[in-house]
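J.: Annotation source TrEMBL lists active site, proton acceptor at HIS303. Taken from TrEMBL, the feature homogentisate binding site covers HIS346, TYR361, HIS382. Look at TrEMBL and you will find GLU352, HIS382 tagged as Fe cation binding site. As annotated by TrEMBL, domain 'Homogentisate 1,2-dioxygenase N-terminal' applies to 23-290. Annotation comment: TrEMBL describes 292-443 as domain 'Homogentisate 1,2-dioxygenase C-terminal'. If you look up TrEMBL, you'll see 1-21 marked as region 'Disordered'.
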Amino acid sequence: MTRHDLPQGMVRAPDRAGTTEGYMPGFGNDFETEALPGALPQGMNSPQKCNYGLYGEQLSGTAFTAHPPERTWTYRIRPSVKHSARYERIDLPYWKTAPHVPEGVTSLGQYRWDPVQAEGDLTWLTGMRTMTTAGDVNTQVGMASHVYLVTKSMVDEYFYSADSELLVVPQQGRLRFATELGVIDVAPQEIAILPRGLVYRVEVLDGPCRGFVCENYGQKFELPARGPIGANALANPRDFKAPVAAFEDREVASTLTIKWCGQFHETKIAQSPLDVVAWHGNYAPYKYDLKTYCPVGAILFDHPDPSIFTVLTAPSGVPGTANIDFVLFRDRWMVAENTFRPPWYHKNIMSELMGNIHGQYDAKLTGFVPGGMSLHNMMLPHGPDRDAFEGASNSNLGPHKLENTMSFMFETRFPQHLTEFAGKKAPLQDDYIDCWDSLEKKFDGTPGTK
Ligand SMILES: O=C(O)Cc1cc(O)ccc1O
Ligand SMILES: [Fe+2]
């Protein structure tokens, strides 16, 4: 992978043994990192005076008393309160927030979209296109799904979402998230997780960039309990990478945009807010390489529920019923005997928003293309199209490797409502449901397989 230089003037903590390219391995670890030696207080959080004249500040991602609490201590050139004052409401008309049920758009249905294309100069903020929303941001439950189209870097512009944690799934191009806690670069087949409240700027490393975002209003994503699978496989904690500390000391007129209860507000600041010289704690952004996901599947017969492919789950408070599951359908071996191997026909109380990152999906051999999305909403039937059904019903069942495939699902316990953009402007495939039209009646009253 090409190494990209750091932004000019940014100072980054040195890598330690075992880390690469400025990241520290582990999910939910209590990390510590400093870009200048001795910047991090040892043995305490709040010394009377911090080294280098830094200000100590805590960023809490859970209630103080949650178990376990998630928080990070930052040591920064200026406290954040100097980075935000006198907010002015601004409009980002394509970024919508639940509850949002537009008139004249029907969410009940099976929907599929071709890739949304970028037009003109778009940044992380102006290029965000909400497809669906679910739940309610005011009660911190539910989610939104978005497509992002980014062609232009944010320059002296910063953003944070007080509403949500963002799970970013790149499909095209390479992006850089220069955050308060360090720098994360992502490419297709990787993901980034940006916690609620964290300030960042998004830069284009290789454009144009397109991808998907799951905006999680609820409890944070965590690794699923593996149950009888045991201590290994699926997403392994060490493959998540948090950035080492990196800061810039730049006094230049800048703007900070805040997403708060679905509204966007802007404030003017006189410096870069990426001024955290050192930090320690367990509330941090991550990247994760989806190619390190170790799938577990059927090794004799039948097709298990897709929950077996969960990468991350965001709990809802009801055990076993996620606010959101992030599920990955990657390349893998198919070996099940006497089995219809692709997904079965089904109706699901959870609603399923899928995106194709790369290649071909086994239940839809055509039509669900890289960059495209589909929605099978709560309790709406779906399954393989006719060609996938016929192919899988008649294929030779030797061991077969599904290659050239990577799709994902944002599955939520809440129904998803289409935005006006998704229903009227995005490239909706009007003929999608015809893919099941030619499924034949095979039943003729006589026993035996047809
Ligand atoms: O609908 C889909 O394609 C997603 C899906 C995949 C699978 O293997 C089982 C169930 C399911 O909803
Ligand atoms: Fe499904």
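Note that Cβ sites are derived from N, Cα and C of the backbone, with glycine treated the same way.
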J.: Neighbours of the homogentisate site HIS346, TYR361, HIS382: Cβ within 8 Å of the Cβ centroid, same chain, sequence order.
T.: PRO343, TYR345, GLU352, ALA363, LYS364, HIS376, GLY383, PRO384
J.: Which has the fewest other Cβ atoms within 10 Å: HIS303, HIS346, HIS382, the recorded positions listed?
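T.: Candidates: the recorded positions HIS303, HIS346, HIS382. Fewest Cβ atoms within 10 Å: HIS346.
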J.: Measuring Cα to Cα, how many angstrom lie between HIS346 (homogentisate binding site) and GLU352 (Fe cation binding site)?
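T.: Spelling it out, the Cα of HIS346 (homogentisate binding site) and the Cα of GLU352 (Fe cation binding site) are 12 Å apart.
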J.: Run through the Cβ atoms and count how many others sit within 10 Å of the one on TYR361 (homogentisate binding site).
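T.: Within a 10 Å radius of the Cβ of TYR361 (homogentisate binding site) lie 24 other Cβ atoms.
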J.: With every protein chain in view, how many other Cβ atoms are within 10 Å of the Cβ of GLU352 (Fe cation binding site)?
T.: 22
J.: Measuring Cα to Cα, how far is the residue listed as 'active site, proton acceptor' from HIS382 (homogentisate binding site) in Å?
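T.: About 16 Å separates the two Cα atoms.
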J.: Whole-number Å distance between the CA of GLU352 (Fe cation binding site) and the CA of TYR361 (homogentisate binding site)?
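T.: One finds 15 Å between the Cα atoms of these residues.
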J.: According to DSSP, folded down to helix, strand and coil, what is TYR361 (homogentisate binding site)?
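T.: Assignment for TYR361 (homogentisate binding site) reads strand.
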J.: DSSP three-state call for GLU352 (Fe cation binding site): helix, strand or coil?
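T.: In the DSSP reduction, GLU352 (Fe cation binding site) maps to strand.
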